[in-house]
């Protein structure tokens, strides 16, 4: 994610220390030449004088640069262009001995490849033996695939074992050969986690990781270098929130205008306070829940404008929350201490009503497979239901709490719920392991990051805490500045790679922080009542929605001049998406939408 350091690319070379040292058999043609410097590299080419450098800073070696470009051309399939570059520059990608070695590997001439390996000029015995192990293991597997079990056994015992390399792997192969029938050998290898289907081209890639890069340039080396450069630029970009991705043509830099801070639409279809909003997983819809006892589904059109698709009526009390199914084809709505209703998004029809006599529901969520839902009840129980309303499981929560929030993790095993006014329970249904997040102040709401590794926790003392729940839980950041006195205020992750945090506030504003630094970077004014909930479009980092006690939902967009929008005098819209004449409000750039659907 933006603001957090990505893992470094895996090393392209195997460490020699991981290879067990052992004497080579007499039949293995390895030249044990002395090397007083203990170098692990191939013998250098004869020096042609001072090394030529290229680039404005003079830090790029021309020979390495050309070889890497040549390798990239060949990898992209531009064989002729790669050959021409070698001829014109006079810098060859591989010397003749290495080319012969590669041809022998591709042709499956294993014994010849091992002989040639020793003629390349490698000075580290461990690297030679590691490479030979890979070659002979491939020979072993191909003999088995050709039903030559005796030949494979001979290779394993007489050629691979004497190398003394990766003895655990050799033992596993030998054990499987002895205990498995010929028909079950490859199944046995698979159970041991051994990939026996490696192609010869894949073998070459593995050899490139072991052999020094001066001998064979690693596959995709130029791509890795470019990706590293782009990653550094992205991580250094404080306001990174780009839709189009990073370009190679120019250095990357996002300005503050990439943050959604301009009101593009005001949705006025609800008749009372709007308590909850949530974009669908694919970003094509927005669902809203209101004190007017209705929920609404809004559709995002190709121009980024939201049109009312359905008004969902049927609840007898206020609707306090909604939850999208994993495929976005269905929506759950939960009334205040009432029922849960499941709706078809396309038709707007109610598919099922979940209820328990004498007990009300206070929250709802989907399991990742989309086949079950989780509900929170007023009697402190949690219940799992199948889609037809059959109760699958039910258990009592730990303690009474006024906060109904809970979340089901991405794997469907982790359930995150309140465990008291100041405590959140992380419960693994499979292992029964329990972990706790303990705060010093009352928790009012929480939300889970898209990757399932972080939790935003809103507190009664006007602070939001960020917790790492993958490696802990560990508190890693805090955000403050918004106002909270009486109501439940909800926050969310958002933006490109969820690099930002947004929250509602009782001062009628929306607050946006930089996730990594905790800096408050934007305050959005426009609502005339408490902002209860915010939701950032997961498919469009430039779209943020906010729901308020002023009965409206505001859609915020980036300030970029090229942003698509309607001209002054844009119309309002009805539930079927057909535009009707309406009045322009504000500066002409804010579009009012007065949906009147009663589906």
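Cβ coordinates are placed from backbone N, Cα and C, and glycine is handled just like the others.
These come from TrEMBL:
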type	residues	note
DOMAIN	94-151	domain 'CTLH'
REGION	1-26	region 'Disordered'
REPEAT	267-308	repeat 'WD'
REPEAT	312-353	repeat 'WD'
REPEAT	524-556	repeat 'WD'
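In the domain 'CTLH' (94-151), helix, strand and coil residues by DSSP number 44 helix, 1 strand, 13 coil. Residue counts for the repeat 'WD' (524-556) under DSSP, helix first, then strand, then coil, are 0 helix, 16 strand, 17 coil. Regional average pLDDT for the repeat 'WD' (524-556) in the model is 97.
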